[in-house]
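Worksheet: the structure to be examined is printed underneath.
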Amino acid sequence: MTDTTTAAPAAAPEAPARAPITRLWVYARQHLRLLLIGGALSFAGGIVGLVQPLIAMDVIDTLSANESLTRPLLYLTAVVVVGGALTALGPYLMQIAGQDVVLTVRKDLIGRLVRLQVAEVDRLKPGDLVSRLTSDTNLLRTVASTTVIGGVTDVFMILGGIGLMAWLDPVLFGTTMAMVAMVTVMMLFIMPRIQNATVDSQKALGDMGSLLERIFSAFRTVKASGAEDHEIARLEGAATTARDKGVKASLWEALAGVAAFMPVNIAFLLVLGVGGARVASGAMEVGTLIGFLLLLFYLMGPISGLVASLSQLQTGLAAIHRVEEVANLDSEAAQGEPRAAASEGPAGVTFEDVTFRYAEDLPYVHHGVTFASSGRGLTALVGPSGAGKTTVFSLIERFYPVTTGTVSVDGVDVRDWPLEDLRGVIGYVEQDAPVLDGTLRENLVMAAQDATESEIADVVKTARLTELVEKLPDGLESRIGYRGTTLSGGERQRVAIARALLRKPRLLLLDEATSQLDAANEASLKQVMLDAAERTNVLVVAHRLSTVTSADQIVVFDAGIVRAVGTHAELVEKDDLYRDLAASQLLTAA
Ligand SMILES: Nc1ncnc2c1ncn2[C@@H]1O[C@H](COP(=O)(O)OP(=O)(O)OP(=O)(O)O)[C@@H](O)[C@H]1O
């Protein structure tokens, strides 16, 4: 996949380019050996089962002849044991292959999902993606194993039976084929409807997941808004749609059963009528008619088996369709040559006449942004809400590509950096300072898995987290809840800063929270920031007067352009907007 911006926003991924059946084959092919061995063993188990009545006959004959039963009984025991073992082992191996297919699909999907471009995730619903990974892939388990193998076996048996019929009597064969053609036409009509109903049903499940995710991501707000009944009604609506579409799929499956059964029965009657007349006229032997009827009777099993397999296949194809839609999404590709010798010290940032919009149908956010920040120190980005300050960070991290102009880090265009290397030099603290479910330690080492105990202890101290660690029941090993719900806003921000610092960034991007903090927390955060600025280049989207007054350089943004650059004293002197910002609540005093 390419590393490009996306066009129009949409609620769901687009339809896949490749036919689902081709994709199913691509996934199943990787486990073909196990599938074939399992299928062959099941088939052999069936054959051994057929031998059983013959040996039973032998037992009876031996009994009547008053001979020793040892030999036939040994055979019978062997057939029962081997047949039992084969009929257990064959389906077991096919189930393993089915699980392996699901694992392959899931691994593929996991890789794609986690590497999706930020722009794609902006327009998708996470709950729906979760249901594609969990529920849809599960539908493939049976389809990729027993259904396909069973279906193929049935096709061979049907072809064999049809060949024999043609050999026995061409007239009766023609009559039967007319009925087979009827079955085929009806199946062509019914099968896509099963698939569509299953896609709709799975989509409703995805909607349910999205709605649930929506609620839990703002759980307190939902409760505080008294919106539970409304949200429950929406969730139940999606659950009911899933049920209704599931019932619709079952109805089409039932019709498929009837559509297969009826013509075969009509064929039975026709063969009896036409065949009877031909026997009466002497055009055909009675034995041939009986043989033909027996063949038709024998074919009923494989035909209904094939129809059931085809119905099941539609479910699998529906699932593949939804899984493949994710494959169409743009994921991030590592680009550019690896940087030669990694540089040391603070990494500078340069914006040169940058224009940018989030999507082609959205207005420009940056209209030619130019500024630079290099060396140790603190650069504060200030400006009215929506001026495009946070977007500066997204462009530095290459979450989105610029439309025109250049963003450089360490003198190199971000487009020429291998993504992993680029992000490796940056520590980024988002405005809402996300903390993930897990322990405090897991949260800290997220960006630096090989951090040592002393490095962790250092950042805990630098980020003023020592008190928190001492307060928590299990120290660093304490769980801090879904989205860090057990922490205060200020603690969450310091955890996020500690995480970014543990990466030993050469460039620290800090999006200051707009929410008010108490004086102690505010002072702590400011001190953490200033400490970091002594060692590296720190860019901060500033919302507090105390931050900008300490900054070495202030960049004033207004409606997507840089209108002034300077120190606090210089800007108060020369820039009207800055003076207003400093005097208003847009830059709040502690
Ligand atoms: N992912 C996105 N998709 C589409 N538009 C976006 C996206 N993120 C931000 N925007 C829009 O881009 C503009 C600039 O947003 P940005 O977050 O950079 O502003 P800001 O100056 O940081 O504002 P604030 O001080 O309120 O955080 C806003 O109009 C915003 O609505």
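Each residue, glycine too, has its Cβ placed from N, Cα and C.
The annotation domain 'ABC transmembrane type-1' is assigned in TrEMBL to 36-315.
Across the domain 'ABC transporter' (349-584), the prediction's mean pLDDT works out to 89. TrEMBL lists 349-584 with the feature domain 'ABC transporter'.
Summarising the annotation, TrEMBL assigns transmembrane segment to 34-55 (among others). With a cut-off of 8 Å between Cβ atoms, the residues of this chain six or more beyond the transmembrane segment (34-55) that come close are 28, 72, 75-76, 79-80, 82-83, 85-87, 89-97, 100, 144-145, 148-149, 152-153.
According to TrEMBL, the feature transmembrane segment maps to 75-94 (among others). The list of residues near the transmembrane segment (75-94) in space but at least 6 beyond its ends in sequence, with Cβ under 8 angstroms from a Cβ of it, reads 34-35, 37-46, 48-49, 51-52, 55-56, 58-59, 145-146, 149.
Remote same-chain partners of the transmembrane segment (142-165), defined as residues 6 or more beyond its termini with a Cβ less than 8 Å from a stretch Cβ, comprise 24, 27-28, 31, 35, 38-39, 42-43, 91, 94-95, 97-98, 101-102, 172-173, 176-177, 180, 292, 295-296, 298-299, 302-303, 305-306, 309-310, 312-313, 315-317, 319. The transmembrane segment feature in TrEMBL is assigned to 142-165 (among others).
Marked as transmembrane segment by TrEMBL: 171-191 (among others). Residues 162, 165, 252, 255-256, 259-260, 263-264, 266-267, 270-271, 274-275, 278, 284, 289, 292, 296, 303, 307, 310-311, 314 of the same chain sit 6 or more residues outside the transmembrane segment (171-191) yet have a Cβ under 8 Å from a Cβ within it.
Annotation source TrEMBL lists transmembrane segment at 251-274 (among others).
Outside the transmembrane segment (286-308) by six or more residues, the chain places 150-151, 153-155, 157-158, 161-162, 164-165, 168-169, 172, 176, 183, 187, 256-257, 259-261, 264, 267-268, 271-272, 275-276, 278-279 with a CB less than 8 A from a CB of the stretch. According to TrEMBL, the feature transmembrane segment maps to 286-308 (among others).
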